[in-house]
Amino acid sequence: RQAARLRKELQLMQSNPPPGACVWPSQDTLTHLQAQIQGPEETVYANGMFFLDIEIPQRYPFEPPSVRFKTPIYHPNIDSGGHICLDLLHMPPNGSWKPSMNIATLLLCIRLLLSEPNPDDGLMSETAAEYKHNRPAFDMKAKQFTEKHATQ
């Protein structure tokens, strides 16, 4: 059942991709996916192309996928290892993942996180403090990271 659902999700994303994102199987397996997210326009991540690893657990969709940025990014909710602080990536009661969610929704939410960081729930405390208290410095560093790591 898991494989059938994932195939259907991938087919839907091929025919109707989520805005600014795409996903494909890695190494001919449905349990390891690769994704690409475009930096949202009018943000410090604009013109950037960010790659992600997605690991699908055996109990998907009853458990959320594990998602990690492969492309380095300067963001208060994403650490230097690419781990993302987002409640959708966790089960209740600490998270908000539901079996009705899918990979496309998750990618849209991650892209939205790029537009609207949550410095009050940051993984990177110094970056979160800079975002809150010295936004020009944060913006400059985030743009430099994007130019260095996420543009071709």
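From the backbone N, Cα and C atoms, a Cβ is placed for every residue, glycine too.
Remember, it's a predicted structure, so these values are computed and weren't measured experimentally.
As written in TrEMBL, here are the features:
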ACT_SITE  C85  active site, glycyl thioester intermediate
DOMAIN    1-151  domain 'UBC core'
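Residues within less than 8 Å, Cβ to Cβ, of C85 (active site, glycyl thioester intermediate) and separated from it by at least 6 positions along the same chain comprise N77, I78, D79, N118, D121, G122, L123.
Per-residue pLDDT, averaged over the domain 'UBC core' (1-151), rounds to 95.
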